[in-house]
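In what follows, a structure is listed as structure tokens, so that the remarks can point back to it.
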Amino acid sequence: MSEKKSSSGEKLLYCSFCGKSQHEVKKLIAGPSVFICDECIDLCNDIIRDEASSVETLTGPRTDLPTPQELCELLDQYVIGQNSAKRILSVAVYNHYKRLKHLGKKDDVELAKSNILLVGPTGSGKTLLAQTLARTLDVPFVIADATTLTEAGYVGEDVENIIQKLLQNCNYEVERAQKGIVYIDEIDKISRKSDNPSITRDVSGEGVQQALLKLIEGTMASVPPQGGRKHPNQDFVQIDTTNIMFICGGAFDGLAKIISERSEKSGIGFSATVKSREERSASQVMLDTEPEDLIKFGLIPELVGRLPVVATLRELDEEALIQILLEPKNALIKQYSKLLQMEGAELEIRPAALQAIAKKAIARKTGARGLRSILEHALLDVMYELPNEQNVSKVVIDEGTITNGAKPLLIYHEQPKVSGAK
């Protein structure tokens, strides 16, 4: 019933859906023997909007696919340097999603996917590049750690757990998950101990590489529903990994030496050219990475063959680290400035301090990752004391704060003079 009489005899109208009276809502719209209030209309609009957006996302990645040049420009906003790696990634990702758009069309030429291997020192931006690409394309993304993976049947994570995490990240929408991006970090840590096949079982090294082969190439992976454990008599969610892009990354410490041994052949005799092994830095040597070097490092040939696109990232120099501190949209200096602004103070870091931070990060050999810990250490006391201080207008960090551990300089607001005070 949408109509009732009140105690005073007045006829009251009620919403047929939520039961609220005309006095409890702003608007009551009448239909044939039914009424609906403005609150229920808003709720219905929200439900329709949510369902429409989920249907749009099921169709896969963005329809307006950015060109490689546009992708590279978007990466420039978040990642400093590494121009060669950005170009390689942009072209590979563009071709991959262009291929997905043409999957339904009948053609004699079948386009195969090209997975990517990122080679570069720690803190050079491998993970950030993959994250930024996934965010730009609005596709499901997951980071997996290769060091936690083991062969099926052993204690540790199965390779199917990677797909399970990807599925969780898109609320178990299978169609979306099948067009996502998977970044497998620390791939170099599962290399076998030598380039010869092992006669003993290596469940966390070569065994994991073998397990990853079909997953990366394309297979139907069985994933437990809603993240449960695998057990018999259970229904599994079937995920086709053929159209999932896999990006593998690793530091490959020691690869430069293998490349040098291959490329810098020394002669014998008086007329032989003696080449200095210190002529090129490790980053420059790594640019000449060949599949045979990766196999000698410890990756199995089958896995190297499934990662045809190799992008090498250089070690970040002092200038690049200073740019990372200042220029990206989410630069560290901007982040800490925001934190201090919340306490009513401004952050100033002098040029000499920026250079000292960059030099310290290079000395630690942690790349861009070391910048945050250096800044955190320098600002720790200030962030501890500032909430109790009422009059600080600016926090200044100079070279001494970074190199000698001196306290940052605090500048206070001028106290207003009270007129008539004696």
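Here the Cβ of each residue, glycine as well, is placed from N, Cα and C on the backbone.
If you check Swiss-Prot, you get these features:
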type	residues	note
DOMAIN	2-56	domain 'ClpX-type ZB'
BINDING	Cys15, Cys18, Cys37, Cys40	Zn(2+) binding site
BINDING	Pro121, Thr122, Gly123, Ser124, Gly125, Lys126, Thr127, Leu128	ATP binding site
Q.
Under 8 Å between C-beta atoms and at least six apart in sequence, can you list the same-chain neighbours of Lys126 (ATP binding site), or say none if there are none?
A. Leu118, Gly120, Asp185, Gly249, Leu313
(Q) Restricting to the domain 'ClpX-type ZB' (2-56), what is the model's mean pLDDT? (A) 79
Q) At the Cα level, what's the spacing in Å between Pro121 (ATP binding site) and Cys40 (Zn(2+) binding site), rounded? A) 56
**Q.** Chain-mates of Cys15, Cys18, Cys37, Cys40 with C-beta within 8 Å of site centroid, Zn(2+)
**A.** Ser16, Phe17, Gly19, Lys20, Val25, Leu28, Phe35, Ile36, Asp38, Glu39, Ile41
Q.
These are the binding-site residues: Cys15, Cys40. Which one scores highest on other Cβ atoms within 10 Å?
A. Cys15
Q. Which of the three DSSP states, helix, strand or coil, fits Cys37 (Zn(2+) binding site)?
A. strand
Q: Out of Cys18, Leu128, give me whichever of these binding-site residues has the highest number of other Cβ atoms within 10 Å.
A: Leu128
(Q) For the C-alpha pair, I'd like the distance in angstrom between Cys18 (Zn(2+) binding site) and Gly123 (ATP binding site), rounded off. (A) 55
Q | Alpha-carbon distance [Ser124 (ATP binding site); Cys37 (Zn(2+) binding site)] in Å | A | 56
Q.
List the residues in the vicinity of the ATP site, defined as same-chain residues other than Pro121, Thr122, Gly123, Ser124, Gly125, Lys126, Thr127, Leu128 with C-beta within 8 angstroms of the site's C-beta centre.
A. Gly120, Gly249, Leu313, Gly367, Ala368, Arg369
Q: If we count other C-beta atoms within 10 Å, could you say which of the binding-site residues Pro121, Gly123, Gly125 has the fewest?
A: Pro121
(Q) Roughly how many Å lie between the Cα atoms of Thr122 (ATP binding site) and Cys40 (Zn(2+) binding site), rounded to a whole value? (A) 53
